[in-house]
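Participant: Pulled the feature table from TrEMBL, pasting it below:
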- B:30-53: transmembrane segment (TRANSMEM)
- B:69-119: domain 'NADH-Ubiquinone oxidoreductase (complex I) chain 5 N-terminal' (DOMAIN)
- B:86-106: transmembrane segment (TRANSMEM)
- B:118-136: transmembrane segment (TRANSMEM)
- B:135-426: domain 'NADH:quinone oxidoreductase/Mrp antiporter transmembrane' (DOMAIN)
- B:142-160: transmembrane segment (TRANSMEM)
- B:172-195: transmembrane segment (TRANSMEM)
- B:215-241: transmembrane segment (TRANSMEM)
- B:284-302: transmembrane segment (TRANSMEM)
- B:309-335: transmembrane segment (TRANSMEM)
- B:341-358: transmembrane segment (TRANSMEM)
- B:456-476: transmembrane segment (TRANSMEM)
- B:519-539: transmembrane segment (TRANSMEM)
- B:623-640: transmembrane segment (TRANSMEM)
Amino acid sequence: MVPLHGYLVVSALLFVIGVTGVLVRRNAIVILMCIELMLNAANLSFVAFSRELQNLSGQIFVFFVMVVAAAEVTVGLAIIVTLYRNWKTIHVDEIRMLKG
Amino acid sequence: MDSAWLIPAFPFAGFVLNGLWGRRLSRKQVGMVACGAMALAFATALGLFWLLLRHSPDQRVWEPVYYTWMAVGDFSVNASFLLDPLTMVMVLVVTGVGFLIHIYSTGYMHDDPGYARYFAYLNLFACAMLILVLAGNLLVLFVGWEGVGLCSYLLIGFWYEKQSASDAGKKAFIVNRIGDFGFLLAIFLTFWTFGTLDFREIFHAALLRFQPGDGVVTAITLLLFVGAVGKSAQLPLYVWLPDAMEGPTPVSALIHAATMVTAGVYMVARCSVLYALAPLSMGVVAAVGCATAVFAATIGLVQNDIKRVLAYSTVSQLGYMFLGCGVGAYVAGIFHLMTHAFFKALLFLGAGSVIHALGGEQDIRRMGGLRRQLPVTFWTFLAASLAISGIVPFAGFFSKDEILFETLVTGHGVLYVLALGGAALTAFYMFRLVFRTFLGESHVDPESAHHVHEAPLSMAVPLMVLAVLSLVGGWVQVPMLENGKRLGRFLAPVFEDAEGLLTEGTAHGSHASLWTEGVFMALSVVVALAGIGLAYRWYVADPTRPERVAARFSRAYRWLLNKYYVDELYQAVVVELLKRLAETVHEWVDRAAIDAVVDGAGAFFRHAGTHLRRIQTGLVQHYALSILAGACLLILAALAV
Amino acid sequence: MELFLFVIFSLLTVGSAAAVVWHPHPVKSALFLILSFFSMGGLYLLLQAEFIALMQVLVYAGAVMVLFLFVIMLLNLKPRGEDRTAFKVRIRWAGPLALLFVGGVLTAMTGALARVAPAGAQGPEWVVAQGGNIRALGRLLFTRGLLPFEVTSILLLVAVVGVMVLAKKERR
C-alpha cells in the first residue's frame, strides 16, 4: 500500500504548479484552470487522509468541493466572457483600470 | 395648578404652527393662530389668578414639578414652576399686554412679506418670557432668559436684509452675552454654595445660614445683577436697547419696553431675600438704577428719532425700577414695572401708528401738527405721556412716586434728588415728543402728507385699551388711603422675608407721616408739570428757542446728541482691543501653530500617497503574489516559533 | 503492482499539470488538464474512493472541461505569442516561491503527520459491510450531510442566476 506521504507529495506538487500558473500566466482562462489544479490538489489530500484516518467524511468533503468548484467555474467563465465582450481581451495585464 | 404649563404651551403651539405651516396659511389664519394662542394663555392666566385669590394669602404659593430634568450625582434639577403673586403679576402683564400687541401687529405688519415668520417669533418670545417668569429654579429661568435673548435677536434683525437691522441684532446678542456670562457664574456659585438651584430651597437655606453682609451672598447677588444689567439695559450695558429700535415697532413695544427688558427687574425682585442679605449689592443696584435713570433721560432730551427717544426713556424707567428694588421697595419696583408695561407699550404702539401713517418716517423734525389727522393716536399718546411723566391720576404717577418716596424714607437723599431731577427730564422730553409730533406746524414731507391716515381698527383698539390701562392701572396701589395698597397686600407674602430682614434693626421702618407723604407727592407733580411747562414754552410757544439754546451750549448739545460717545468709546476700547487680540491669536496660534500642524499632516499623507499609490498596479497577479508572499511570511513565522 | 500504478498516475498527473502551465496554447492547456484529471481519477481509485473517482471523471474531466473548451472556442483565442522570455523569467521566481510556501506548510505539518493514526471506524471492512463505497457515502451524505447537501442546491441556483445576469447582453 502506498503510504500517505506519497499522495501528499503529489498533492503538494500539484498545488505548487497551480500557484505558479496563477502567478505566471496572463490568460485568464488558464489562470482559472490553474485554480482548478489547486482545488484538485486539496481534494487529493482529503481523499488520502480519508483513507489514512478511515473516515469517509473526507470524501464527502471532496464531493462538496466539487460542487463549489463547478459553480465557481461557471461564474468565472461567465465573467471572462463579459470581460472579453467589453475589452476584446482576456489578458489580465491589459485589464488594469483599478490602478493608483 | 398643574395646568400652569398651559400658559407657555399655548404660545409655543402657535410658534410651531406658524413656524412650520405659516407659509401655507393665509394672513388671516396666521393672525388668528398667533392672537388666539395669546388669548388662550391670557385666559388661562386669569383663571389661575382667580384660583390664587381664593386661597388665603399665606397659601398662595404653588410649585408644580413636572419631571426631573436632569440628575447627575448629587445634582438634580426639576422642570418646575413657581406660582406665587409675583409670578402672577408678571404673567398677567406679559400675556395681557402681549395679547394686545399681537392684535396691533396684525394691522401694523399687514403688508410685510415675512408675516408668518414674524408671528412665529412673537409667539416664541411670549413662550420664552412666560417660562422665565414661571420658572421654579434658576436653570429653568435661565432657559427662558436665553430664549427671550434669542427671540430678541431674531426680531431686532427681522428685516435682516437691512444692514443696520442685522447689525443691531448682533449687537443686542453680544451685549446680552456679557450679562449672561455673569448670570451663569451666579448660577454656578449658587449651586456651589447651596447645592440646589430651586428658588424656595435657596431662600430658605440662605435665611438660615447667612447673616446680612456675607461675602458669598454678595458675590452671588452682584453676579446676578450683572445678568440683569445686560438684559434690562442698565449702565454700562444699555447700548443695545436704542439700537434695537431697528426691529418692527410692535416688537419694540413688546420686547424692548413691556416685557423682556423687565426680566432683570423681575429676577432681582424674585431674589429679594438674597439681596436683602447683601446690603452692598442693594446699594449697587440702587446706584446703577438711579444713574441710568438720569443718564438715559439726558440723552433722550435731544434725540430726533421718535423711537430712539422712547428707547432711552425705557432705559431710564428701568433705572427707576432698579432704584426701587435697590432701596428695598420691591413692591414699588414691580408696580412701576406693571404700569410701565402699559404706558410704554402704548407709547411705542402710538409711535408705530405715527410711523405707519407717515409711511416709515421716524424723524420728529419732519412731523408736527398731526393731531387733527391722527386723533386716536394723539389722545392715547397724550395719555401715555401724562402717565410716564407722573401726573395725577395716571398710572405712572402712583408707581414712580412710590419709588421716589421710598427712596427718600429709606434715607437715600442724594438718589432722591437725582431721581426727582430725572422725573423732570422725563416730563420734558416726553412732551417735547408730543409737541413736535402732534402740535405746531406741519413739517411733514408734502409727498406723504396726503397719505396720512388714522390707524385701522386692529391697531386703534389696542391703543385705546392700553390708554385706559395707563389711566386706571395705578389705582391698585393708592397711597394714603385706607385699603389703598391692594397690589402691596397681594405681593406681601413674596417679599415678607426680605422686608423683614431690611427693617430689622432699623428704626425708620415706621411710616412717615401722611402730611410728609402728601408734600412730597405734590413736589413730584410740580416737578413734572415744570418739565411739561418748559417743553411747552420751548416747542410750542417759541419754536426757535431750542435751536438758540443748542447753539449756546453747543458742546453739551453735541455730547448729548452723540449719546456721550459711549458707543465710540466701546468701539475704541473693547471692540478694537478684542480685535487686536483676535488678530494676534490668529497670526500666531492659528496660522503659525495649528495651521502648520494641520497642513503638515495633510502634506505628509499627500506625499505618502503619491509614492505609495504605485503599489496599486491594477494587475491582479501582483496582488496574488502579495497574498502568497504574506502566506509565506506567516508560515515562516509559524515555523520559527 | 499498486506502487507501479501509483507512480504512473502520479507522473501523468504532475507532468500534464506542468504542461498546462507551460503550454502557450489555451486549447492544449485544457486538453492537458483533462489528462491530468483522468489520471487523478486513477489515484482516487488506488485510494479506494470509487465514488470520487467517478465524479472526477464525470464532473471535472467531463462537464467542467467541456465548459472550458467551449468558452475557449467561443472566444476563438489564439496563442498570442506571449512573451516567452518574460514568462520564463517570471517562472524562475514564482516557482520557487510557491515551492517555499508548500514546503513550509508540509514542514509545519510534519509534527502532526507523525501522529496520524487510523482511528476511525470506517475502515475498508466497514465499507464492505455497508455494501461498497458508493452506498456507504450515499448513506452518510443523506443522513449527516443532508443539510449541507441541500444548501449546495441553493449555491448552484445562485450560480445559475448569476451566470445568466453576467452573460446577458446589456440592452441599450
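Cβ atoms here come from the backbone N, Cα and C positions, even for glycine.
In TrEMBL, annotation is done automatically, which means it is predicted and not curated.
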Participant: What residues in the same chain, six or more past the boundaries of the transmembrane segment (B:519-539), come closer than 8 Å to it by Cβ-Cβ distance?
Facilitator: 389-392, 397, 400-401, 404-405, 408, 420, 423-432, 434-436, 439-440, 479, 545-546, 549
Participant: Residues sitting near the transmembrane segment (B:284-302): Cβ under 8 Å, six or more positions beyond its termini, same chain?
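Facilitator: The answer is 222, 225, 229, 234-235, 238, 268, 275, 309, 312-313, 315-327, 407, 412, 415, 418-419, 421-422, 425-426, 428-429, 432, 550, 557, 560-561, 563-564.
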Participant: Counting only residues 6 or more past its boundaries, what in the same chain has a CB within less than 8 Å of a CB in the transmembrane segment (B:341-358)?
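Facilitator: Non-local partners: 93, 97, 100-101, 104, 108, 248-250, 252-254, 256-259, 262, 306-307, 310, 313-314, 317, 366-367, 370, 373-374, 376-377, 380-381, 383-385, 387-388, 394-396, 437, 444-445, 448, 451-455, 459-460, 462-463, 466-467, 469-470, 473.
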Participant: If you run through the domain 'NADH-Ubiquinone oxidoreductase (complex I) chain 5 N-terminal' (B:69-119) with DSSP, how many residues end up as helix, strand and coil?
Facilitator: 29 helix, 12 strand, 10 coil
Participant: Looking only at residues six or more beyond either end of the transmembrane segment (B:456-476), which have a C-beta under 8 A from one in the stretch?
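Facilitator: Distal contacts: 97, 100-101, 103-104, 106-108, 335, 338-339, 342-343, 345-346, 349-350, 352-353, 356, 376-377, 379-380, 383-384, 387, 393-399, 486-487.
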Participant: Express the predicted model's confidence over the domain 'NADH-Ubiquinone oxidoreductase (complex I) chain 5 N-terminal' (B:69-119) as a mean pLDDT, rounded to an integer.
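Facilitator: On average, pLDDT over the domain 'NADH-Ubiquinone oxidoreductase (complex I) chain 5 N-terminal' (B:69-119) sits at 88.
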